[in-house]
Amino acid sequence: MAYMQIKAIAKQYGTYEAVRGIDIDIAEREFVVIVGPSGCGKSTLLRMIAGLESISRGELLIDGQRMNDVRPADRGIAMVFQSYALYPHKTVEQNMGFALKVAKTPKDEAARKIARAAEILQLGPLMKRLPKELSGGQRQRVAIGRAIVRNPKVFLFDEPLSNLDASLRLQMRIELAQLHRELQATMVYVTHDQIEAMTLADKIVVLRDGLVEQIGAPLEIYRHPANTFVAGFIGSPKMNLLKARVTATESGTARVDAAGLVCDVAVDHLPAVGAEVTLGIRPEHLVAGPGASVEVQASERLGGMTYAYGRLADGQPVTVQLDGEHDFAADGGLTVQPQPGRAHLFSGDSGLRL
Amino acid sequence: MTARSLTALAVANRILLWAVFLTLAVICVYPMIWLFLNAFKTTNDMFAATWGLPKVWHWENFSTAWNYGISRYLLNSLIVTTATVLIELTLATMAAYALVVLNFRAKAAIYTLILGGAILPPEVSLIPLFRVMAETGLYNTYFALILPNVAFGLPFTTFLIRAYMTGIPGELREAALMDGAGEARIFREVYLPLCRPILASAGLISAMRVWNEFIFALTFVESETVKTVTIGVMSFAVALRADWGVLMAGLALSILPILATFLIMQRQFVGGLTSGAVK
């Protein structure tokens, strides 16, 4: 397995810069998930790593070797495409064996590698079938199998689960995590789905507009988002980002008030009293209790929990996640307060964490 | 409008449509029925009852026509058509692959130039081509028919195959690149097998065109050993004006191979035309 260094990589299309100088270090056996909204440059970055797009600036190193001008097949990389890109006229076995055939691998060795991959992915009974005779999940497995047989240094995944339905996506997510443990492989995975990022990654890279917003372990990013973009992107439902005013400060702590929602937030950079800031508080970190009143406009009862969507006194939208079942019409409204130590504070101007 | 009047309108539409199709079908099919019916008659029978069934089925008309020289013309047509189709498909598929997949300078201009060839009517180039054939020693050889037929068929065939190839996901090529395949291998092992349906229809369209080609066959060859069936049946008609039954049998034989091919492959033929039209 290999380590990878992405150094100030950029991709220019004419005057448009899709990727604007990205640095990422990927350790051996690490599962890195690159996440971001559509058009943030994540797929372009992955395609540059794969060698399917040229690198306009910067350097790509795999095991310390510069790969910028190396052919895709010679980079020691295998890629699983969003559309699976299985050869429609070849059987599962032929799809998985194509790279080995191209590399003129001896037949018995090729057969052994294909059999091993088929065993890992439980594809045994499907080997003689054509892709059109497979379900979405099975096709996905064949695409992964095709990557495994090449025994690559690095696996690349380009939104591999986005074509699957919700239950299959969950199952494949679990299988991918198992596969990573089994193969002990370096994997780079691109998705716009933050749940995939949170559940699969050793390290998440959050991208926006071709730039890195934050790199870190999933829970590190969840607990300490670097700015309002990351705060809003990671976590489901989205973090509440409320306009608030600083009412008091004390060593390392700022007291803020957002339409009656008052809380003390630990900060690294103390704002001035009276400054306008953004208070970030996740729906699951608001609890029912004396505090700010919320006019509930809609709610979703999921059995184990209830999401309430409403507005604070000054009209700011807010989402609250409560345990159990609640009927807000009958309960006669809702007042909430933040759990201590769970709120985040961001600069009102730059959106950076304070 | 009430539901009843809507239904009546739909029925009227349907009847009109069927009437148009039926008329078209009759216009296309009746000469062929007439031809095949009369191929089994003697000249007297034919003039006595043009549309009647033969009193006696004169199968020997076909063997007479065959022995009269139609077999040679058929063989020549087969050689010219097969060679043209093979060369044309090979070149057009490679050109289409390059136009769809590869990035090179002046790609659009080259494609426009290729398509421009479709605008040129063959008649315009007859005299220059005749001189080229004469000077290169190709006159009166199979190549005198094969080469111009390939040249004039390439634009449309390239257009058809290119249109089909644009529908093949680019990710298949990228996956093959990751698998270590070069362009030649991707062309051979990924694109060619996937293009089978369009190759069948483009081949059929081209074969029909070449089989029925007249102008080049009339201008660039004169020897009986190279003449194709379209020119062959013309001299046949002159020689056999007295024996209409044999003449009809000869004409029937001349269209049989291409008719049979068309009937077997008509699904591909239609598929090819629509894939070119829609994309």
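Placement of Cβ uses the backbone N, Cα and C atoms for every residue, glycine included.
According to TrEMBL, the features are:
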TRANSMEM  B:15-37  transmembrane segment
DOMAIN    B:74-265  domain 'ABC transmembrane type-1'
TRANSMEM  B:78-102  transmembrane segment
TRANSMEM  B:108-130  transmembrane segment
TRANSMEM  B:142-165  transmembrane segment
TRANSMEM  B:244-265  transmembrane segment
Point to revise | Residue numbers, six or more beyond the limits of the transmembrane segment (B:142-165), whose CB comes under 8 Å of its CB atoms | key: 76, 79-80, 83-84, 87-89, 91-93, 95-97, 99-101, 111, 114-118, 120, 122, 125, 129, 133, 191, 195, 197-199, 201-202, 205-206, 209-210, 213, 216-217, 220-221, 226, 228, 272, 275-276, 279
**Study point:** Top Cβ-contact partner of the transmembrane segment (B:15-37) among B:78-102, B:108-130, B:244-265 (pairs under 8 Å)
**Key:** B:244-265
Study note, to complete from the structure: Residues outside the transmembrane segment (B:244-265) whose C-beta sits under 8 Å from one of its C-beta atoms, at least 6 past its ends, are 32, 35-36, 38-43, 45-46, 58, 61-62, 64-66, 68, 70, 73-74, 77-78, 200-201, 204, 207-208, 211-212, 229-230, 232-233, 236-237
Review point. Who are the chain neighbours of the transmembrane segment (B:78-102) in space, where the CB to CB distance is under 8 Å and they lie at least 6 residues beyond its ends?
Key: 110-111, 114, 142, 145-146, 149-150, 153-154, 157-158, 160-162, 164-166, 168, 170, 173, 183, 186-187, 191-192, 195, 199, 202-203, 206-207, 210-211, 228, 257
**Study point:** Folded-back contacts onto the transmembrane segment (B:108-130), same chain, C-beta under 8 angstroms, at least six residues removed
**Key:** 95, 99, 139, 148, 151-152, 154-156, 158-159, 162, 215-216, 219-220
